[in-house]
Amino acid sequence: MASKEESRMSAVEEGQPKNGYTNLEDDHTKPASGVSPLTRECLAEFFGTFVMMCFGLGVNSQVVVSGLGNGIYLSINICWGIAVMMGIHVAGGVSGAHLNPAVSFALAVFKRFPAYKFLPYVAAQMLGSFCAAVCIYVLNYQNYNVFDPERTKTGNLWGTLPNPNVNTFAQMYTEFFATAMLMVGVFCLGDSANKPASGTGVPVHFMYLIWGIGMAFGWNTGYAINPARDFAPRLFTWMAGWGSAVFTKGPYYFWIPIVMPMIGGVFGGGLYKVFIENHHPKQN
């Protein structure tokens, strides 16, 4: 049986470029555990998202609760990039490491990912993110009790909140635009007919991409760019004592990091197809 890389190169030679590590739907290798391929992929999405979110929520808590004594805004950007890199290392070879409903949705829209897998992937991503929030809460709850005993200053460590200087349109546009840039990166890094990242280099290149998004587009909204990254921890904090304010602040900002990344991801993927992918020369 040909390896995935050999199959991918063969597809390129036949004039059918495929999009790198995200193209795993044709892998019918039966797992040693006997679980179905979809279950195997969902377990990978759960654990990859869990690992990513442990790093991400962990740095948020350490920097803010320490009063910037253990990091600065740049520390948050750097660690979120590392978080994504680790999530991709964990799950990339099994599920494609979407780690993000907006990524799964855009890939499904453009037929790079079977649509029937979308909801199971999203459920796994949400659950992984929620479990990571639980773990980071247990890790730091004593510090929260000292820094924020009334739970009024730390809600944004879990779900993002907008800069008070920007209006609702700017908040929506920021999440839309930043996620569009994320999906441009997903499509180009996996485009075998362009200049794709090598298999081992994919996680590092995505780390760079997240660094760039955070440094360039993070000020307005905290660059959620991922409904699972934002909603699942927000839900946990509502259950863990932060109350309804986690949904009403902004005001009612919570829906923007759910809806706008889903739209922005499709738009970014469409941009890449219109300007780049549709114009690749046909292979003989």
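Along the chain as shown, residues are numbered 1 onward.
Placed from the backbone N, Cα and C atoms, the Cβ positions cover glycine too.
Here TrEMBL flags 1-34 as region 'Disordered'. What TrEMBL lists as transmembrane segment is 46-65, 71-97, 118-139, 170-190, 202-225, 252-275.
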Distal contacts, the transmembrane segment (71-97) - CB-CB under 8 A, six or more residues away: 21-24, 40-45, 47-49, 51-56, 58-60, 62-63, 113, 121, 202-204, 206-211, 214-215, 218
Contact between the transmembrane segment (170-190) and the transmembrane segment (118-139) (3 or more Cβ pairs under 8 Å, separation 6+): no
Same-chain residues near the transmembrane segment (118-139), Cβ under 8 Å, at least 6 residues beyond its ends: 38, 41-43, 45-54, 56-58, 61, 95, 98-101, 104-105, 108, 158, 228-229, 231-233, 235-237, 240
